[in-house]
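K.L.:
If you scroll down you'll find the structure; I have some questions about it.
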Amino acid sequence: MTVRKKISSILPNTAKAMTGGTPDPEVTGLCCDSRRVEAGHAFFALPGVQSDGRRFIADALQRGAQAVVAEHPVDLPEGIAGFVVSNGREAMAHAAALFYDDPTAGLPVVGVTGTNGKTTVTYLLESILKAAGFRPAVLGTINYRLGDTCLPAPHTTPESTDLIKTLAQFRQEGADSLVMEVSSHALAQHRADGVHFTVGVFTNLTSEHLDYHGDMASYFASKKRLFHLLPEAEGHAVVNIDDPYGRQLAEEIEGTLTCGRREGAAVTPESVTLTLDGINGRIRTPAGTFELQSGLLGEFNLENLLCAVAAGIALDLPIEIIEKGIRQAPGVPGRLERIENSKGAVILVDYAHTGDALEKVLSTVCRLNPRRLLVVFGCGGDRDKSKRPAMAAVAIRHADLAIITTDNPRSEDPATIISEIETGCREAGGRSLSREELSGLDKGYFIEHDRRRAIDLAVSLLQPGDLLLVAGKGHEDYQIIGSERLHFDDREQVRRSLAEQEVSG
Ligand SMILES: CC(=O)N[C@H]1[C@@H](OP(=O)(O)OP(=O)(O)OC[C@H]2O[C@@H](n3ccc(=O)[nH]c3=O)[C@H](O)[C@@H]2O)O[C@H](CO)[C@@H](O)[C@@H]1O[C@H](C)C(=O)N[C@@H](C)C(=O)N[C@H](CCC(=O)O)C(=O)O
Ligand SMILES: Nc1ncnc2c1ncn2[C@@H]1O[C@H](COP(=O)(O)OP(=O)(O)OP(=O)(O)O)[C@@H](O)[C@H]1O
Ligand SMILES: N[C@H](CCC[C@H](N)C(=O)O)C(=O)O
Ligand SMILES: [Mg+2]
């Protein structure tokens with residue numbers, strides 16, 4: 001896709017040229033990372049958490065940038081265009097939309113935000129849109145996809161320039177609708193400001209990403225930004241009012257389409273049964289009632305289903321189509337994904353990496369009344385540390401045996417992360433078990449730093465009737481240790497442990 005546009009034509013009217021005689025070149029791309037600048041690009045020198053993009057202007061120019069956009073004037077060599085804008089990230093998002101001819105204009109576009117459930121809701125909505133005959137693009141944690149095209153997802157919500165460029169490519173390839181996860185980081189950083197959302201969905205808000213947002217109030221404020229990007233008329237905001245923050249949001253936004261089990265929700269179950277095979281029952285909506293049939297498990301997934309149904313209603317889709325889309329929806333990779341085995345045990349790989357998600361998932365699987373409930377988990381490094389004691393407490397409360405291990409330590413020492421989890425286990429009354437005690441029925445925790453060996457150990461302990469949940473990495477096919485990204489897939493490892501133990505046993 002070759003595009004050239006005059007830099008002044010894609011910046012806000014309020015952008016000020018840095019000098020009187022600043023040139024106005026046609027630029028060939030937009031970029032805020034000097035390491036990715038190509039000849040002819042405009043470089044947005046943005047303030048960041050780690051450093052300031054202005055430090056990298058020289059690097060960007062050396063790679064051929066022809067224009068620089070910053071929030072404060074900077075000295076530039078002659079012949080290089082320079083513009084000052086008041087909010088660099090916001091200006092960059094809108095510039096990207098103009099540069100790539102506004103790829104979401106006129107399309108049905110659903111943005112899904114909330115701490116947990118976003119990926120699940122996007123899968124459900126993708127299926128609903130397909131049932132309605134659409135060809136949706138879907139962007140989120142697992143990948144960025146359209147039909148058979150599947151791009152890797154370095155972020156849940158990419159940087160605005162990458163986002164709009166990908167959407168322009170998908171539009172060219174025939175996308176006629178879009179469903180995307182909109183993370184709180186993305187909302188705080190204006191990554192999705194160049195997207196025309198028609199429907200916004202709020203799933204829930206629980207403790208997460210406080211390393212970045214500071215506190216729950218500012219985390220909530222970031223999530224709320226999605227709803228400021230919606231058209232003002234009624235029925236564009238879909239909010240789960242089973243969640244306390246959802247109730248607050250629904251009160252703040254007039255004309256919200258509410259969903260949940262709570263009295264007063266517009267999209268609500270009339271009668272549903274949750275079993276080990278899924279969720280079935282009648283759902284009432286403002287457009288009529290219908291029979292819901294889904295293979296998803298647990299109350300939390302009922303909330304996700306209601307969010308997806310309500311978003312379908314907000315898109316004006318017929319309820320028969322919504323019903324069909326939900327019925328046909330595939331399972332979500334790495335979300336309560338079941339691994340077949342011949343041990344007579346249930347083995348599930350799940351992406352629970354917050355206290356609330358682990359609580360919801362473990363309390364759901366507890367209802368299966370396993371002989372013994374085992375959980376293997378760790379916590380990510382360079383991320384919200386308060387998740388460590390929170391996940392530990394939940395694991396100790398629900399599991400018979402918690403095997404604490406390494407997740408993605410990133411730049412942190414894995415042993416430090418594990419010791420913070422262990423402190424949480426002890427504070428929650430958990431007992432450290434010796435290796436000899438592991439095959440008995442004593443309750444407690446055990447530490448195995450190596451994730452491969454932790455999974456191996458858990459699998460070796462399984463007896464008929466047991467349930468093992470391997471949590472935290474779900475669909476991920478890597479482990480980030482230091483600056484290395486090594487191949488690692490919990491599902492693969494469980495299968496490998498099963499196969500090896502079958503051979504040796
Ligand atoms: C905390 C966070 O979101 N940080 C994002 C932010 O980085 P930053 O503010 O720290 O940037 P910085 O390192 O200070 O640098 C400032 C500027 O200089 C630029 N730079 C930097 C170095 C260089 O050599 N040249 C250069 O031009 C940077 O691109 C940046 O524009 O802006 C960068 C550029 O867009 C992002 O890549 C970066 O994502 C980091 C890598 C990240 O890990 N983000 C995660 C936490 C994230 O965004 N997660 C969400 C949520 C996931 C979920 O809950 O589902 C996601 O949407 O994926
Ligand atoms: N509505 C929900 N409430 C609480 N926990 C949930 C809910 N839906 C899913 N979960 C749990 O959270 C995990 C992640 O779910 P999902 O991927 O759908 O959420 P997400 O919001 O996209 O997460 P992320 O921010 O990591 O991308 C699941 O594996 C499950 O353990
Ligand atoms: N969306 C989450 C994913 C965490 C997954 C977990 N495996 C980890 O690496 O911490 C985040 O970016 O914090
Ligand atoms: Mg996600």
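Using N, Cα and C of the backbone, Cβ positions are placed for all residues, glycine too.
Just so you know, TrEMBL annotations never went through curation; they're auto-generated.
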K.L.:
Taking TrEMBL at its word that ASP407, ASN408, PRO409, ARG410, GLY472, GLU476 bind meso-2,6-diaminopimelate, choose the one of ARG372, ARG383, ARG431, ARG435 listed for that site.
P.N.:
ARG383
K.L.:
Looking only at DSSP and grouping its letters into three states, which state does LYS118 (ATP binding site) belong to?
P.N.:
helix
K.L.:
Which residue, out of the binding-site residues GLY114, GLY117, PRO409, GLY472, shows the minimum number of other Cβ atoms inside 10 Å of its Cβ in this structure?
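P.N.:
Counting other Cβ atoms within 10 Å of each of the binding-site residues GLY114, GLY117, PRO409, GLY472, the minimum falls on PRO409.
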K.L.:
State the count of C-beta atoms found within 10 angstroms of the C-beta of THR115 (ATP binding site), not counting that atom itself.
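P.N.:
Excluding its own Cβ, THR115 (ATP binding site) sees 21 Cβ atoms within 10 Å.
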K.L.:
Of LYS223, ARG383, ASN408, PRO409, which recorded positions are close to THR115 (ATP binding site), meaning a Cα within 10 Å of its Cα?
P.N.:
LYS223
K.L.:
Looking at the recorded positions THR115, LYS223, PRO409, which have a C-beta within less than 6 Å of some atom in ligand 3?
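P.N.:
Not one meets the Cβ criterion.
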